[in-house]
Amino acid sequence: MCSSWMQVTFLLAHLIVAGAVVYQYPGSLTVAEGTNVTFHCDISEMGGECSYIVWVQVGPMRKLTLWPQKTYSVHTNTACLLNIINANRTSVGIFYCALLNGAMLNMGNGSVLEVSDPITSDATLEVLVPVDWQEAPSSPVPLLCLVSGLDPSQAKVYWEVEGKVQSSERLPEVQSEKPATVRVQISVPGHTWAEGEEITCVMESTSGVKMNKTVSRMGMERSRQGMFLAISLGGMCILLSIVVIVITLYVCRLRHDPRKKRFQAYEHNQDGAQGLTEVQYASLKFGAGRGRPLPTAAAKNRQYK
């Protein structure tokens, strides 16, 4: 009964005093799911106090919700706040600040809240720098900042040069990408880039996430030199590893080659036979030198023992 009465009262008051001076801000807000949201209501021109303020949400299908007092807070006596903790899909709608003024409600202009998917850890920020830039002070250097992994409506992307915010151009989003990538371009004067000034792309989300990346001509040159050195060292290590592997395989093959073993055994037998023959001939000569010649048949037998 009470809920129905509040709904009727809200609708009648909204029709009767739509032009009342109660200011609300922000007028529209899109946040990621799980984000804390604060709406402001200024009643300084109405002469009332925040203790007479109620916050009403008009959700999908015109569902009316009266937010509880525990979600209210006061900045000043005439600056009244509504605090939404961990906004979710049920928080979507239009929020009205209503000042109870006797039997009437003075309505604010309304604040629209939309809730999108939560920001994930996949959010990334990249800066693209032209590789074919010529050192000509008259030629501007185009830099492109890419932010992906979050809803573009949640991201504020801008450029800073030496800590000062610079004007830039936000390019149209590619709708085929889900979620779409935010692309923000800046043209840096050629002399600024040539002098090595630091240029930073900054992304701030509505949920408080902040990312940035800084580039400069000097930094890009050092990065290229380091990359070249790393590639060179890597190539040398690979080549050295290949040489070591080839040598190891060759040595192992020689050690286990059966033909080499047979050849060595054959050489050993030949050397033994030759040595034995030489000794036998020496004994024959020695016997002959003492004047005791041996019979021919016996000499042949001793020669091949």
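Yeah, the Cβs are placed from backbone N, Cα and C, and that goes for glycine too.
What TrEMBL records for 1-20 is signal peptide.
Among the features that TrEMBL reports, domain 'Ig-like' is placed at 20-116 (among others).
Applying DSSP to the domain 'Ig-like' (118-216) sorts its residues as follows: 8 helix, 46 strand, 45 coil. If you look up TrEMBL, you'll see 118-216 (among others) marked as domain 'Ig-like'.
Taken from TrEMBL, the feature transmembrane segment covers 227-252.
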>> Quick check on the domain 'Ig-like' (20-116): DSSP residue counts for helix, strand, coil, in that order please.
In response: 12 helix, 53 strand, 32 coil
